[in-house]
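Heads up: the structure comes next, in structure tokens.
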Amino acid sequence: SNAFMSFSCSGAPKTIPPAWQCWAPVAIGQEPQGNIIGSGIFISPKGVLEHAGSVGLALIIWVLGGGVAALGSLCYAELGVTIPKSGGDYSYVTEIFGGLAGFLLLWSAVLIMYPTSLAVIALTFSNYVLQPVFPNCIPPYNASRILSMVLLLTWVNSSSVRWATRIQDIFTAGKLLALTLIIVVGFIQIFKGNYKELTPSNAFRFWMTPSVGHLALAFLQGSFAFSGWNFLNYVTEELVDPRRNLPRAIFISIPLVTFVYTFTNIAYFTAMSPHELLSSNAVAVTFGEKLLGYFSWVMPVSVALSTFGGINGYLFTSSRLCFSGAREGHLPSLLAMIHVKNCTPIPALLICCLATLIIMLVGDTYTLINYVSFINYLCYGVTIIGLIVLRWRKPKIFRPIKVNLLIPITYLAFWAFLLVFSLYSEPIVCGVGLIIILTGVPVFFLGVYWRNKPKCVNRLIGKAALCASLPSLLAPNQAGSCLRSLATPPSHGSPWAQAGQALLCFGQLFCTLLGTFASSHASVPMHLSCSEQPAPANTQGDILYAQRLNGQSPRD
């Protein structure tokens, strides 16, 4: 395919090498610690408790949520080292089930999973910032949207990779400070004997009898806090010795995260009754106000730092998925382009930003969590079904890690229970997600599968691509220039000028998206060549997987 066609300043079409070579390696150290432990633990406790109906059952759901995440992680570890391609779920589903299934997963990730997660984290940031200002009521709708910081961090990520990674390093400390403080104060409360709500007689005193549907929704709320356990599979091509390091990351991170989340919730109940927790708009802030006295300001500041870093992390990693889709020809080639000077994936960032802003306007935090968690679990389950299908289709392929078949079967049994009863309990929220995914079917056949388009359609697409390529702003990724860009400090141009450039790119970008997907034989008028371009070079993961399929490399 010619998904990597771009336009240089001279107008000659060129082929884009893998776009992540310049900006992905700096992200790999952020994945395990920055994407699992995040803002979810400051949002989800209220939703879990609301649907569980008792303190004890809520704590059990948190522990079981960690166990389910561990089962899923082990399945992904086998897939990650058997199909050693970056791109995670998308790469595995595309390889096993074909282009349509992979495209639908990519479609749901670009339009639902990443933007909705970003919207939830952004709203959490604004709620925690505004809670001290509006202590006795819900913060105003407009204020919570204006303070979401999505536009600011999109500009930062578009301006400099170095700025984005430094923000991630600095603000990761915010979440660690907040959680450490909560757990330590919670243990002090327990040693003082303040654990009335945690005694068995009180912990399992139900103020409502939860139905099976309520339990499913409670798991959905808790699973949002665990989301991110599969992110390391997006960079398997960049891992050193993934056969050893991928399982090691799982065995260290999942139990640690489960411990932190469970004891954070225990700490909450040493200071608050279930009624107080359910009535709070910012649980950690209420906790700090009751126990920290004059230092209660530390809690909203720490949580705000954590969520600020979470927004930045999601924006930073979402462009990797867009690149993988463009590499397979499933997304416009423009989304694989980067800024010629800043070496940042501006088109992908702007698409994610726009989708996030739209979603923020149409739902509240806990409805959005149910929405995105349902779609997340749907994609996880399809990917793990792919593991079983791959075992059946290619039993002799070398698998550096091979889990017991009971692990994916157990996960899928829980997966089926969760999806069925979630859809039963929230048919509108979950149904909308399914409809959005299915809208990708006609888009796939029109934009991707239909290769022999009429010349007039190809000409229209070529003109749109030419208008949006912005020769002075976007260019094919060249590893050497990218590395030099990273080594030099960011430009000190006017912020208004840079914002104007971003807006210009935004408008030109949507011209291309309205022109739908890049054609394999799009004819480009004027001074551009119409000759067919060679397919992009295979990555190391592609080559290794092809050797395994052909039996040429039975061992790594």
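Residue positions begin at 1 at the first shown residue.
Positions of Cβ are set from backbone N, Cα and C atoms, glycine also.
Those TrEMBL annotations? Automatic predictions, nothing curated.
Positions annotated as transmembrane segment by TrEMBL: 55-79, 100-126, 176-195, 215-236, 248-271, 291-317, 338-362, 368-391, 403-425, 431-450.
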Per the definition of 3+ C-beta pairs under 8 A with sequence separation of 6 or more, do the transmembrane segment (291-317) and the transmembrane segment (55-79) touch?
-> no
Do the transmembrane segment (176-195) and the transmembrane segment (338-362) share at least 3 Cβ pairs under 8 Å, sequence separation 6 or more?
-> no
Among 55-79, 100-126, 215-236, 431-450, the stretch with the most Cβ pairs under 8 Å to the transmembrane segment (248-271) is 55-79
Any contact, the transmembrane segment (403-425) to the transmembrane segment (55-79), with at least 3 Cβ pairs under 8 A | yes
Positions on the same chain near the transmembrane segment (368-391), where near means CB under 8 A and six or more residues out = 43-44, 47, 72, 75-76, 78-79, 82-83, 89, 92-93, 96-97, 101, 105, 108-109, 112-113, 116-117, 119-120, 123, 217, 220-221, 223-224, 227, 230, 359, 397, 405, 408-409, 411-412, 415-416, 418-419, 422-423, 426, 429-430, 432-433, 437
Can we call the transmembrane segment (55-79) and the transmembrane segment (215-236) in contact, meaning three or more C-beta pairs below 8 angstroms at a sequence separation of 6+?
-> yes
For the transmembrane segment (215-236), find every same-chain residue at least 6 residues outside the stretch whose CB is under 8 Å from a CB in it, and list them.
-> 24, 27-28, 31-32, 35-36, 38, 40-41, 43-44, 47-48, 50-52, 57-58, 61-62, 64-66, 68-69, 72-73, 76, 79-81, 84-89, 117, 120, 242, 246, 249-250, 253-254, 257, 261, 317, 320-321, 366, 369-370, 372-374, 376-377, 380, 417-418, 420-422, 424-426, 541
Same-chain residues near the transmembrane segment (100-126), Cβ under 8 Å, at least 6 residues beyond its ends = 38-39, 42-43, 89-91, 93-94, 139, 143-150, 224, 227, 303-304, 307-308, 310-311, 314-315, 318, 321-322, 324-325, 328, 330-331, 351-352, 355-356, 358-360, 363, 365, 368-369, 371-372, 375-376, 378-379, 382-383, 433, 436-441, 443-444, 448-449
